[in-house]
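Residues or ranges marked as blocked amino end (Met) by Swiss-Prot: MET1. According to Swiss-Prot, the feature FAD binding site maps to ASP36, LYS37, THR43, SER44, MET50, GLY307, ILE311, an assignment based on similarity to another entry.
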Amino acid sequence: MDTVRIAVVGAGVMGLSTAVCISKMVPGCSITVISDKFTPETTSDVAAGMLIPPTYPDTPIQKQKQWFKETFDHLFAIVNSAEAEDAGVILVSGWQIFQSIPTEEVPYWADVVLGFRKMTKDELKKFPQHVFGHAFTTLKCEGPAYLPWLQKRVKGNGGLILTRRIEDLWELHPSFDIVVNCSGLGSRQLAGDSKIFPVRGQVLKVQAPWVKHFIRDSSGLTYIYPGISNVTLGGTRQKGDWNLSPDAEISKEILSRCCALEPSLRGAYDLREKVGLRPTRPGVRLEKELLAQDSRRLPVVHHYGHGSGGIAMHWGTALEATRLVNECVQVLRTPAPKSKL
């Protein structure tokens, strides 16, 4: 077989990072990224992009740590290069605070981020309602800059970008030999996955250039994340809610919660509301599937369902998806045994 034709469905952070990894690691392929939505219209564009990972209950901790570390190392290399501004990657220091002492005082990712330590009594004076905290430096990767940066790399490596809505993965047969499904919530339809559901997140993007440290309540519901051109204030976790329109009452409540942690935010200006739907399931779906219809075969690699951990885990899971794609390519390149009559 000559060139193996690969279609990547989805152009959020999963689709684009997987396309870049395949183009670097799987020789002799042509790559086409197909989506009906591109930056700035993806969930990844709304994400705060902080590298503080969630915990997936169905996934071994070592595997989660590997995904996070590979992502952190990839973005840390970018932040230490001339590409940092273009890619929208920065280092940011701050605090994660708790209203009661957690059962796990040191999370699994503590030795991946930089300078992780428990907060001192003096630091905790800033947060009188909280009794315990972590201080550390991590990375922030901003979708509105990072996605175009990835897109540029896909094209630079010879990949194509196609705007098209896919209703059924079989539409891609026989034009493509392998399909990588990075369609997030689209997998309800495209992969018949009833386990995936939206968790609605509403945030405010505000101007408050004096806020330099991130603050995150341990619930993950209230957070203040300073970025390159604005500060992200959050948030919400509304399971099963598909509504993409901002709710003014929720915005008021977010601002009030954030001001309780950082009173100077009362002076924030140019408030903009954003809503994203996190594609959530019990664990990330990262596996091969061979679709069969009559005599036709279509190898698919599924790579979706990261919930709130999309940007924190994306490069590690993209590398794993690429290994699965490589396995599919090897099978296609292995000649079928001739039948002995």
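Placed from the backbone N, Cα and C atoms, the Cβ positions cover glycine too.
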Span of ASP36, LYS37, THR43, SER44, MET50, GLY307, ILE311 as binders of FAD, largest Cα separation rounded to whole Å, comes out at 26
By a three-class reduction of DSSP, SER44 (FAD binding site) is assigned helix
By the 10 Å Cβ-neighbour count, the most surrounded of the binding-site residues THR43, SER44 is SER44
Counting Cβ atoms within 10 Å of each Cβ, the densest environment among the binding-site residues MET50, ILE311 belongs to ILE311
